[in-house]
Amino acid sequence: MNEKLLDQSKEPVPAVGMETATSPIALMQKDPDLDNLRKALKTIQIQGKTGLSGALSSCFKQHSNDITSLVISGDGAFMATCSRDFSIHLWNLGTRSIKIVFRYNAIPSAVSLSFNGNYLACGFADKIVKLYDSYRNSEIATFKGHANPVLSVACSQDGKFVTSGSTQGVIKVWNIQRKAEEFSLNSGNQDVVSMKFSFDGKYLGVASKDTQVRVWNFFRRALEYNYRHDRSLICINFSNDSKYVVSGDEDSKIKVFSLSENKELCILAGHERLIYDVSFSPDNKYIASASQDATIKIWNFEEKKEEFTIKNEESIVKAVSFHPQGKYFVSAYSSGCVRFNTFKNDHPFIDFTGFESGFNYLDFNPTGEFLMSTATNGEIKVWNIAKQCEEYTISGIENASHCAKFSPNGLWFGTCHNDSSVKLWNLADRSLIANFTGCERSTYCIAFSSDNKFLAATDGRCTIKVWDISTKVLEAEFFGHTEPALTLEFSPDGRFLAAGANDKFIRIWSIYEKKEVLKLVGHRYSVYSICYMPNGRFLASGSHDGTVRIWNLETGTEEFSFIHGAAVRVVKISSDGRFLFSTGERGIAKVWNLLGRYEEHNFEGFNDNIYSACISPDCKIIAVGTSDKILRLLNVEKLSQDGTPETGLKAGFSPDNTMLVTKSPDNQLKAYSLKTGEEVKSGTFQLVPPTEKSFNPNSILDFEFQNFHKFQTTLRHLENSHYEKILWPNIVFTNLKFSVTHFLAYLGMSDLISKLCENGSLALIPDIYGHLPIYYSIKAQHQETTELLLDHMCKLTETETLSFTKYFSWCSLTKDLPDIIRNSSSILDTFLACALFRQNKHVYFGTPLSTLPMFKNSEFMDSSPNDYAIDTEIKSPLVFKRTPFAMSLEASTNSSIEMADAILSSTNRDIFRTEVIKYYIQYKWSELQFWVYLYTIILWANIILILIFFEYPSIYLAIALLIVNFFLFFWELIQFFVSPIAYITSLMNYLDIFRLGTTIAYAVLILFYEKDYDVLTWFMMTCNLLRGVTGFRAFNNTRYYIRLLSECMYNMKDFLIVFVYTILSLGILNMISGSSIILSFESLWSASFGLVAGKSDNFYDNSIIQHFTFMVAVTINLIIMLNMIISILGDSFDEFQLNAEIYNYSEMLEVIYEAEQLIRVFSSRVDRYGYFHACVHAYNSGNSQWKGKIMDVRDFIRGKFLNEDLKPLVENNRKVVEANINENLGQKIEMVEKNVQEKMSLSIKTVNDRVSGIEGKIGTLEGKMDNLQSSVDAILSLLQDKGSS
């Protein structure tokens, strides 16, 4: 782990003594959701100590001392262990119990089993090898012959031989049948510490302390391969296909060698101490290693990297071995403990048999308590899931039923029949409610709308009929398919009906518009099943072509697809939209991860076609009906009926939530500190059982539909804080559905999250509270992580191919939006600018029903054009937008007030420029306009009453005045109690308090004391008039100027201080220069201030000093100061224009916020969540206000100067430059070509000359050789003549 990741992995805990109100710990105490996340992470990290990981790892302590060796028989039925306690245990793996115990008076060093477990061989320190009969529980033979202690033994795969290795490199092979030595091998002169037979029996692998890996051909008794380590070897093993050998040494290195390629494949490094044992998984995809560093590491052999680590802080891991079926691996420890570690997990199931026929349809009721099955012979049964038995059989239904389905309210069920009828039944007494007729031929399937309003059915004449359940009349009839529809599904909002048919098409109709709106083309054969995603934006379909396709209903195109492997009969979506379950022919049943787009799980064990299946509403049970007459309930949570895990260990927390408390089956309590993770040895412990909405420690191993291997791997990384090794951030844990990203966001792991965002593997999944990971990064005050996640969501909107992930992430923002806005991220405005999605890419032309923009709060994600426009001759281009997440738009509810408060408290004021905020404020304004005007009228009525009271003081007017002011006072109290801190920090509220006090005091003095105080009256009236000015905020045309006035005064505040100072200074100078030092208001203020208004009478001209003072006064006050005021006001106006949108909408929202708080006191409204829709002009921005000099300059630069002046100039220059470059480049190319040709000609000539020279030399040489040959011939001839003579 690099240093930065190490720093980030620390939990956000402040320094000691610094637990302030805003510290993470204080926030956790205030926020139970955050506290539950913290407890979940801590529990995962200490699960190994607490025993909560029992379903992953169960421990059996049968030996009293260090275990020296462990082996599992090839058939997986038995396991043998030996220990320094002088015992050898033979285990029955079916029951995980000890079958036989063998004892001897020497320490056993190694043990081995024959393939079927018939024979058990053990080597001892006293130089002998013993062979035992596992079935007869007797010793067969004792092999003697080693001169040194035996260190290793191995049984051949055919059960005919036992090999043993000792010190000094001696290997002996013993014949079991003859009970004698067969032959021996020499493996150097160092200790033979480990040996294993390959699974095909051909090779014997030997590991020696001389760093050599020797692989002997057992049949030929010859050394075939030899490999080397850098340090002494400790262990060796073969892959199950006998192609690879793996070995571990005392330098913590693991090496893998390929026998077929005769080379070293890889080195697996990661352990800190020597390697005691290694083992391949049965599929050869993984390697397990046991080390002296007290860890087991699982290595991904295909990717040559570590998968996860299992720590054991109590003792050293001495041995590890995979079970032949690959479901678990067994590890042995120096403490004498044997631990079974789950590696693969099959879902438990219950089968119901004895049926006369297969199944057509299965359906859970809305609560998941009952399952309704429709058999192919028409028999309908209802099953009690909790009791796991048949509840009753529905009798009295004539004609065979193809399909029986529960209604969404759980009160009825519908059936379709061979006689073309569709019937609706009362579930309670099974009485007939309605018989819907009109279909032709048999009816194949039915569907209920989610609001229980409509019932649809399809018949054999390719017709789809829809009935209104309440009126029992035909609502709509749809045509289009050329062959019968085999599956029907209403959209989640009940507005659309989709049908898949034998003609390989999927058609979607609008129920209310009574027309086809979409046709999905892509399948090659019949469409058997369809299912809507929970958000209604996507549709899944399964076909006879063996594919599962996901359709984007916004674009009408295929989003992505899966290859199922056989005809798909059923597709079902989990309630959270993360998984898809598909079943079909050849018994194939799979779970697909829709976010990761990969196969999550493959259910095995089905022997025949699966024509029906369904998922319970809580996604814990899958019901499957096969054609071989079996009804199977797959339980995705491996719990007993009372919810206790398999270990029997129950867990909860102490009353103060500082300790995790466990309770064993014998009622013993243990407590573990959540701060340190250590067991608390002393004290009285109390276990508080978890509630439904709190974290349940027993749920950390609930993996539901998720791939168990990926789940376990990620769980181990979380347990060991190896966050940088996490590959699957979308895996969720515990009953609260916390994803990995939730934990990473809470920890502030921004670098790791950034990496996961870049590789496209990250989706934002809500937990059971509806919180996204962003919420926890905000609460834990990790701003960098928050901005990273916000930026990730923005990027999702820009990437069309990730639209499924985009909708999934954005649809879950409902709960967290106020916290995100209140966080005031620097990219919050960018984020909110992405929060309003266009309904589609098309522009609709119609006549708006009212002034644009128009807004609507709807329970449906999509809106209809008919909601906003009609079709006339005068048409406008319109687009429809909506939020992908639901919002509480009901005025004056807690959520609505919270949203307004969040927007107002955000320090990123640019959010008021975003469409979603502007439209939201306009919508709320229209909803609360009456109350806003009423409050304004009361403010102005108060002023009018005061003016009338001036002229006609009476008790009646005083009472009316007091009533109005009591209402205003009551309103101030409401604001104070709702938000006391915000109230006391607003200057306007102090003005309100002062106004109330002076108004009531004035009325009391006039009525009861008949006294009129001018100063009090002036202050009272001033305050009321100032407060009355704020009433103009209720009107669009005056709100602008009121805010402009206040902004100008605010911008001038510093200047006014200087201005007052100069006036007082000039007044003092004028008083002194006139030799009349009289401190009065007139001399100090009036004389110099009057000059600003053009009044100079108060300035005397009796002396030169007075003249000079007058000139200074005119220069400073009349010329400089007035021009400065004009300049400041001009700049303020321009600055105001730049932020006019912000000021306008913030003012509106402040008024809305005040009105909602008042209404909330008098009415108790319930939050009503819906999607916010807007209909706007497709092209007009609607902003025609003058933007001031600065904006004019910007527009000039962007418009006229940039487009008309600069761009043409740059374009002309570019053309000239290009022409010059082309001309010069052409000339240079010609010159280069000419030079190249000249040089090539010269080179060719030179080469030719050289070749000619060489040819000449060769000719000369050939001539010389000819002469030489002639001379040789002459000499030979001469010699021959002499010989003859």
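FYI, residue positions are counted from 1 along the chain as it appears here.
Placed from the backbone N, Cα and C atoms, the Cβ positions cover glycine too.
Lifted from TrEMBL, the feature list:
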type	residues	note
REPEAT	60-101	repeat 'WD'
REPEAT	143-184	repeat 'WD'
REPEAT	185-217	repeat 'WD'
REPEAT	226-267	repeat 'WD'
REPEAT	268-309	repeat 'WD'
REPEAT	352-385	repeat 'WD'
REPEAT	394-435	repeat 'WD'
REPEAT	436-471	repeat 'WD'
REPEAT	478-519	repeat 'WD'
REPEAT	520-561	repeat 'WD'
TRANSMEM	930-950	transmembrane segment
TRANSMEM	956-978	transmembrane segment
TRANSMEM	990-1009	transmembrane segment
TRANSMEM	1055-1081	transmembrane segment
TRANSMEM	1104-1129	transmembrane segment
Beyond a gap of at least 6 residues from its ends, the CB atoms lying under 8 Å from the repeat 'WD' (60-101) belong to 107-117, 120, 122, 132, 134, 137, 157, 199, 277, 318-325, 330-340
Overall pLDDT of the repeat 'WD' (394-435), taken as the mean: 85
Within the same chain, where does the repeat 'WD' (185-217) have neighbours whose Cβ lies under 8 angstroms from its own Cβ atoms, ignoring anything closer than 6 residues to its ends? I mean 6 or more beyond. 74, 110, 151-158, 163, 165-173, 223-242, 245, 247, 249, 255, 257, 259
Let's see if you can do this one: DSSP helix, strand and coil counts over the repeat 'WD' (520-561), in that order. 0 helix, 24 strand, 18 coil
So how many of the residues in the repeat 'WD' (226-267) end up helix, strand or coil by DSSP? 0 helix, 26 strand, 16 coil
Residue list, the repeat 'WD' (394-435) vs rest of chain: Cβ under 8 Å, 6 or more residues beyond ends. 360-361, 363-367, 372, 374, 377-378, 380-382, 441-452, 455, 457, 459-460, 465, 467, 469, 472
Intrachain residues whose Cβ lies under 8 Å of the repeat 'WD' (226-267), provided they are six or more past its termini: 190, 193-200, 202-203, 205-215, 273-284, 287, 289, 291, 293, 299, 301, 304
